[in-house]
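What TrEMBL says about this protein:
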BINDING   Ser81, Glu151, His179  Mg(2+) binding site
BINDING   Arg306, Asp320  ATP binding site
Amino acid sequence: MCSQAAVCVLNSLQKNAALLQNPRLQFQAMHGFLHRIGIAVGELDKLNIIHVTGTKGKGSTCAFTERILRNYGFRTGFYSSPHLVHVRERIRINGWPISKQLFSKYLWEAYERLEDTKGVSGGTMPFYFQFLTLLAFHVFLQEKVDLAVVEVGIGGQYDCTNIIRKPWVCGITSLGLDHCSLLGDTMEKIAWQKAGIFKPGVPAFTVQQQPSSLRVLQSRAEDIGCPLQVCPELGQYEVVVGPVNLGLAGKHQRLNASLALQLSHSWLQHGLSFDQAACRLSSQAVLFQPSTAMLEGLQETGWLGRNQKLKYGNVTYYLDGAHTTASMQACVCWFRQEMLQREETQGPVLKILLFNTTGERDSAALLRLLVPCHFDYALFCPNITETPINNTGDSTVCVQHMLAHCRENQSSWQSLNPTETIHHHHHHLVTSSVSHSLVFPCILSALQWISQGEQPALTPSGSLGFTDRLSEAGHISVLVTGSLHLVGGVLKHLEPSLDS
């Protein structure tokens, strides 16, 4: 059966939101599902796993680590989430999303085994993320990878990926408040959940954390019997090897790169026994001289939708899926630095924000952080690539709900920019006459407006028009942020080749 049919079957597993709110039940069910698709838990030990959790930087850290170890000639598996353009991005072999053919082949193998055993298992089938995790393990075993870099979905203790019993090494990236309804509303509670991936005798590394978070990590590591070490800063390596160039932009990536160096170095040493007594709690990880393969790996790493730049004529898109306070602060720092450099070399720039959030995010707090960027226009749209052609009752309600959320975001932005005067327009568009803000029904309509496809209908009367402002500036810089799903939708339109 074709890849499209496989995706349809996969999407059918996105249901029963109430149970999705209980990670413990999902985790407990994983053992049964793994057995039903024909994998013993012990077989996962053969995958030589590097297991990574954290609040921000998980994907980037995994990407750095995978690239480094691929540079050593190892055949790598890489499981991450969410995907931006196509679900196959989540399961990679040697850095590439698995092909449509392999995706279909392995998906149907796993799905049919689950279907065949449904009768003796109370009719249960895994949820979307559970199934993708099972599928990743199945793919990596069948494809005989030398190692697998596995990114935790949410949390750690009850995450589906934590069915792994014996990873070779674990990593915890920077911690922050996110998914509070599932993980807890304090840094200490979140740190406890994240430390759930620690295993007895398995080395673990973390970056510098808030003291309260680090104390919880240390306490859990001691209870579990896991040697935990804090990574040196990247600057300490640079004393030895000179400037370290990273393929991912942004100062925050230096933390992720330092963690990736320790994870890859530890994995390469995995034939050696670890002296747990030497790895006292809160001890600093040993500074070593990174190899050429490591330094080149850091420089060659690419990761879609994180501090990514795409240029099309006189428009440059800055894509970053920041959706927490800390990641948005890093995003703003990166974007402002880019704008300073551009304005110094090329003169005035017209700055546009394209923004949306999902779930329980505090949109107003994120938008407040974006104010210092001094955008000329702020655009808000749902995370749907195009407006549905045949709106059924349910989908119409859903779209209207998403648009209402966008208008709330617009209202927050206007309150943060109180000099605005609001004018109302048709087609879900609301604009103001000073720092313009607009709501669009879908990503495509926002992108068409940026490329001036719909400009004549949108120039507010009595104000400086978009084309006038553009001719004065000569270049448009668009920051797309607030949601990885929004970034993925933009990428789908800008880079259609990613789908193949």
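Backbone N, Cα and C atoms are what each Cβ position is placed from, and that goes for glycine too.
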Inter-residue Cα distance where the pair is Asp320 (ATP binding site) and Glu151 (Mg(2+) binding site), in Å: 19
Sequence-distant neighbours of Arg306 (ATP binding site) in its chain (C-beta under 8 A, six or more apart): Gly59, Ser60, Leu248, Gly250, Leu319, Asp320, Gly321
Ser81 (Mg(2+) binding site): tally of other CB atoms within 10 A of its CB: 19
For Asp320 (ATP binding site), the number of other Cβ atoms found within 10 Å of its own Cβ: 25
